[in-house]
């Protein structure tokens, strides 16, 4: 039985029966070309995107999580940008994301969970736990340190309040409390006080003044090399026996005079051989005599000047070249080339000036403080640094000093003498008129000719005087500065072999400059 169709309304059969396929087309074709669904859009099936990799996301969160790299990778750009600008949310956001990602509780931009995969589950949890524990430990230690430190603002407030209370208790002038300079007291910087017993503390106690006048200075007034301790030796040989080793003493001097030895120079660190016959070693006054004169010694009496010049605390055996290089300079103009010795050098200067109440110049004090700042806590020198008794020291031998044979002097040949000239013959007597001879004339007696003068004895010239010997080195005496320069000894300093006053006209201790 054929079903009845609904009445026609002027439409085609295909329109009246939408379920019926059009002739020549399939049902699928009809459905695809039918009317659009409500809203005018066709429904599309979502396309599946590949899931994010857990190892990549975890490594980014661990290493670059402070910069939001893990959230950028998961497609969460806005929160990643905020995390970048806040430096991982001040570490808190960084730690939270690391924990959530390790536990598989973090989603990507599509809402899918990023879950740990098989080989990375426990390694990621162990590493993440260690990182989180480390951060928490650092936070805890910093918080404990801040709690233990005394609050500086509170101390300042207490000091300020005590100053204000003292100002209120004191009688105030009519101008009122506004004149109290409380702000100036609060802004005064604190001055660090050097530790007691250090060289810096002794330096801080010295008076600072400008250099005084050098007028009237004469090195001879200090009595350098005097035997003040009455041990039979001059000061130079006392210092040599103290500072040299492998010493050979001169026989017959009661163990006093040093012939040879070896010096380990404190100024340069070099090893210097000493030979009395040709000395290259000087005795240096650590605080020079000229510097002492200009910083207070000009008012001393003779006894105190002699004590200063021969004080073992102020004397060191050094190379002659370095002693001349130093001159009368202080720490502001000269320091030993061996840097390891500079702290002891300036400390010894401070000790000497403190012992004799000498002042320091401002530039000198600044230079000493700068040196001592590199050896903080260097203790002040308090010992006298005495020399050994006569005959003591690192003595290995006692010998007689070899005597130098004087150079042979040629006697001057006598000047040739001229043969005596014969006496002139007497002039003939004038002729007389002939007298008739009555008798034979008496014979005339002639005076004998004078004997020739004897030849003068040859003049024997005295040999030239032997050169003067310096009792400290045995070097030759120089007649003038030309002789000093010819010997290569210019400039020559007071105390050097061959020094004499006629070579140092200005009396500053340095001749033939």
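The count begins at 1 with the first shown residue.
Backbone N, Cα and C atoms are what each Cβ position is placed from, and that goes for glycine too.
As annotated by TrEMBL, compositional bias 'Low complexity' applies to 152-179 (among others).
Feature annotation from TrEMBL assigns compositional bias 'Low complexity' to 406-416 (among others).
Positions annotated as compositional bias 'Pro residues' by TrEMBL: 417-433.
Look at TrEMBL and you will find 459-471 (among others) tagged as compositional bias 'Basic and acidic residues'.
The annotation compositional bias 'Basic and acidic residues' is assigned in TrEMBL to 493-513 (among others).
Under DSSP, the residues of the domain 'Excalibur calcium-binding' (477-513) split into helix, strand and coil as follows: 9 helix, 4 strand, 24 coil. As annotated by TrEMBL, domain 'Excalibur calcium-binding' applies to 477-513.
The region 'Disordered' annotation in TrEMBL covers 1-46 (among others).
The region 'Disordered' annotation in TrEMBL covers 152-192 (among others).
The region 'Disordered' annotation in TrEMBL covers 382-513 (among others).
Residues or ranges marked as transmembrane segment by TrEMBL: 51-69 (among others).
What TrEMBL records for 81-103 (among others) is transmembrane segment.
According to TrEMBL, the feature transmembrane segment maps to 124-143 (among others). Same-chain residues lying 6 or more positions outside the transmembrane segment (124-143) and placing a CB less than 8 Å from one of its CB atoms are 58, 62, 91, 95, 98-99, 102, 116.
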Non-local residues, at least 6 beyond the ends, that sit with Cβ under 8 Å of the transmembrane segment (51-69): 79-84, 87-88, 91, 94, 97-98, 101-102, 106, 108, 112, 114-117, 120, 124, 127-128, 131
